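Visitor: If you scroll down you'll find the structure; I have some questions about it.
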Amino acid sequence: MPIITLPDGSKKVFEKSVTILEIAQSIGAGLAKATIAGKVNDVLLDATIPINSDSKVVIITSKDKEGIEIIRHSFAHLIGHAVKQIYSDIKMAIGPVIEDGFYYDIFSEYRFTPEDLIKIENRINKLIKTNYDVEILQVSKKEAIKTFKERDETFKLRIIEDIPEEGLINLYKHEEYIDMCRGPHVPNTRHLRHFKLLKLSGSYWRGNSENESLQRIYGTAWAKEKELNDYLKRIEEAEKRDHRKLGKKHSLFHIQEESPGMIFWHPNGWTIYQVLEKYIREILKKNDYLEIKTPQAVDKSLWEKSGHWEKFRDDMFTTASENRTYAIKPMNCPCHIQVFNQGLKSYKDLPIRLAEFGSCHRNEPSGALHGLMRVRNFTQDDAHIFCTEEQIQEEVSTFIDLVFEVYKTFGFDEIIIKLSTRPKKKVGSEEIWDKSEEALTKALDNKNLKWELQPGEGAFYGPKIEFSLKDCLNRVWQCGTIQVDFSMPIRLDATYVDIDNEKRNPVMLHRAILGSFERFIGILIEQYEAKFPIWLAPYQLTLLSITDRNIEKCLKFNELLINNGYRSTVDIRNEKIGYKIREATLERVPLIAVIGDKEEEIDSVSLRALDGRNLGIFNLPNLCKLMDGLIEKRGRTE
């Protein structure tokens, strides 16, 4: 007689084994109809599996986070059901849930097209309308092998090979189609309604390019039609803002096959990069950082000593010279310790903050590369703070202020903060972990910040705080971080002399605000849709001549503006002024200044903003004053 305890503390007693669906039915028919699965003693369980003992039960519906993930996973199986009905010689690989959706990797000699996506989607809709029950079969490993051998599902058989002999394997039966999964899944297809197949891409079995080439079908699914439509609108907007398209359209950068994952910056894009670097450099100087520059290629012996050679060797680019192996640095920290180690340091010298715009290289898989967002060569706004244990909290607190100041400058007000604490495998004493975690916690709490704890997610050498931005499309980008490190100063012999004249190892704080310049610029391109605020824009103002008579005045104004430090350009082509204004607008120039006979007479310009607002008549001093004010605000609205 299982006693079931519900979330409100109430108990229900059943005379025999009971399923989640039966528990829901005992509460009400409406709840039973909405039930997708359940959580039994904090473990997700299919709605139709019997519960035999006293348990705490939570009923899962589409309103729950777990419910929508189950819906998405069930849709992945529906892809399998549909393609197996439509195409021959299809072999199913894996079909997991991902953020906002799902995908299925499929092996087929036939190459799917966008037209096939429509065909598959139509078949899925047809299957859904039959409202069939999804049966769960819990079988032994031997029986699972037999099932998939009969169906010639070679990839499923490979997955089964890695499953232990003991225990049962969950098979899910969609009419004639059978798939394998940890589960749970929906009990009936009536729970599967609002979905869209999105795109096709290539992949490899288990992500290894030496394995079979697969075809991936992506989809999304939501509990409500409005949620689906809102998501599709966000995708459409994201495609419109895609930094790769805008980068090409506005001549910001390009990437080519001869140098995959490495950026060719064009003058417009490089201007943005330089302005961003200048801004961060100002911030660093204001906060007492010392800027350094370290070598690109370093003998592997340093990487062996730091531990990176053992852990990251496959991700490093290497070269050889005079019988020595060098690694092109994937990170800056070991080199920064070499700078710290030059000369004797006293506790009175700490904290020492060393910063570098460090160019790093990592041998990312070619399939993972994505425009500016995932590259092989990137520049970090990297810094390392060498301090005592007692100084951790103050340094972290100051850094948090710095992060919020910078992000606010770019219009990011919603910052997600996560604190990751000690993992099972770690270096350092429990005492120093206690001190460090307490310091990070206090630094956050003293600022009344909302943050999320991630127990056990810290690095083996220390706890960390991560800062993520939420952009205009509600996408989350992890950019900033501050990481406590007890290990590397010891490994690389970094020491200072304490108050008792004893040598001690400093604590090292790894920290970055932007993460990488490339990725952050990619985020900004999409956030602004290439409509950069005036301080960041490649060209801040363009001067347009109405007739040939006004060309000389345009050129003179332009020269004066450039000599005063503004990024100005001219359009003196023999075109109609309306056409020139449209061109300047399409080029996203923040300020458009028109000079005709009337303006020339009074030595002024007619000024308009990118959004079409008429700003009035400005002579050169007033124009400079206006631009200075806008540039000083750096896009801030307050």
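Including glycine, each Cβ sits where the backbone N, Cα and C put it.
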Visitor: According to Swiss-Prot, CYS333, HIS384 bind Zn(2+); which one of HIS191, HIS194, HIS510 is listed for that same site?
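Guide: Same Zn(2+) site in Swiss-Prot: HIS510.
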Visitor: Highest Cβ count within 10 Å among the binding-site residues HIS384, HIS510: which residue is it?
Guide: HIS384
Visitor: According to DSSP, does CYS333 (Zn(2+) binding site) sit in a helix, a strand, or coil?
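Guide: Assignment for CYS333 (Zn(2+) binding site) reads helix.
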Visitor: Long-range neighbours only, meaning 6 or more apart in sequence with Cβ under 8 Å: which ones does CYS333 (Zn(2+) binding site) have?
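Guide: The list for CYS333 (Zn(2+) binding site) reads SER306, ASP382, HIS384, ASP485, MET488, MET508, HIS510, given in order along the sequence.
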Visitor: List, in sequence order, the residues of the same chain other than CYS333, HIS384, HIS510 whose Cβ lies within 8 Å of the centroid of the Cβ atoms of the recorded Zn(2+) site.
Guide: MET331, ASN332, HIS336, ASP382, ALA383, GLN483, ASP485, MET488, MET508, LEU509, ARG511
